[in-house]
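Accompanying notes for the structure given below.
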Amino acid sequence: MAERPPPQRMRVRAWGTKGLHARAPWYLRGKTGIVERRLGAYKNPEQLAYGLPAEPVPLYRIRFTMAEIWGDEAERPDDTIDAEIYEHWLEPIAEGDDHAP
Amino acid sequence: MPHDHHDHDHGHDHAPGALSPSGHPYRADQDGPLTRAQALEIAVRELMIEKGLVTADEIAAAIARMQARTPAMGAAVVARAWTDPDYKARLIADGRAAAQELGADIEAMHLLVVENDAQTHNVVVCTLCSCYPRFLLGPPPDWYKQRAYRSRVVIEPRRVLGEFGLDLAEDVTVRVHDSTADMRYLVLPARPEGTEGWSEEALAALVTRDCMIGVAVPRLPDPAPVAAAE
Amino acid sequence: MTERSWHDMGGLPAGPVVPEEHDYALWERRVDALLTLATTKGKFTVDGLRRVLEDMGPEFFETHSYYERWIESVNRNLIESGLYSTAELAAKLEEVRARGETYGECSLTAPEAGSGPEAGDG
């Protein structure tokens, strides 16, 4: 196996989509995690849902700590949540800029 | 008048409150007053057939195919992984291909297998709807689809697992998997101690559906009670 | 940020998990099969199924069972796909209801062989 580079950090976009079909959970929007793995590209469900021709979009599994998501409310800070997030919902985080807005 | 035969075995002969072979109550079916949903099912089904989209045989075959999918398939996969390290490696690398090796009917499903060990416990949820590896395990339990589980397991997984009777050790990390997109998840539980030399069949019998969702872990049966509560 | 959509419920307060289950009735298994076949044949996608379920709103979610919600969504997606019209559906529903009082009387199709309840169907 090739040597792994350090995990890439990504932030889920804090967009609002109320009333529309969107697959980025609300509780993860604006939160930062690491790329657990890349899953390949899948048709964009936000187009498929409306019966539209859909573009393949790269899909990532992002790992978040409970501390990142829930702050002081976390049941156990270093437990984790992994979720699949489509690329258009992600913004890369530069080194040293890992605070959610 | 043509109508559904009354000599089949689907529920209506059972006394109120009777349980099915799997120990669950039957849903009202054939003999209650027709509901909106039932009328709609009949109408949609007949229109799909009349328009040439499907045949009655295809519907029957689809039902039979789904009925054949049960947690036993997942349990067989887990037991093989416990007894064959090469298989386990293939299962972790490509869950679908490895499950298909054992005959699982899952060509349309991307399966990610997440492994429990002494330091890690995995649990699966879908907070946005109720995605579930149904092509491997059959339909999900009702509680998996309901608000309480979907809302809470991402914020207080330990408390939710406790409600299922699973109290995790302090040094175990919980990894919650929110099934938000195209992957479906199978938890590969840790093989219980004291099962050395067991057959795959005996091991598979320890692996319940809930173990593969991650709200339980396999447990050895209680030692046969001597002169049980008689 | 605007308010979240109702179905997007991760992290919201909720009561205890009630570990209830039931075996699926024939009509429910048929709904499942209709969805599988309609999507396999390209009439719509599970994403379309979800989109309509979401559009039904929280009250419908809380007051209807899983397959009650599904058949409404399958129906709406099939109408959107053009397979049949609203008028065709309404006429068919009228015809179905005129056949009798119960599901058994109103469904012309005999239950599929092997469609009875079986152990392990969770």
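Every residue gets a Cβ built from N, Cα and C, even glycine.
Just so it is clear, the model here is predicted, and its values are computed rather than measured.
Feature list (source: TrEMBL):
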- B:C126, B:C129, B:S130, B:C131: Fe(3+) binding site (BINDING)
- B:1-15: compositional bias 'Basic and acidic residues' (COMPBIAS)
- B:38-216: domain 'Nitrile hydratase alpha/Thiocyanate hydrolase gamma' (DOMAIN)
- B:1-31: region 'Disordered' (REGION)
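Feature annotations (TrEMBL) mapped to structure.
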residue: B:C126; record: Fe(3+) binding site; CB count, 10 Å: 22
residue: B:C129; record: Fe(3+) binding site; CB count, 10 Å: 20
residue: B:S130; record: Fe(3+) binding site; CB count, 10 Å: 20
residue: B:C131; record: Fe(3+) binding site; CB count, 10 Å: 23
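A distance below 8 A between C-beta atoms marks B:C129 as the binding-site residues from B:C126, B:C129, B:C131 lying next to chain C. Annotation note: B:C129 (Fe(3+) binding site) sits in a coil segment as assigned by DSSP. Mean pLDDT for the domain 'Nitrile hydratase alpha/Thiocyanate hydrolase gamma' (B:38-216) in this predicted model: 96.
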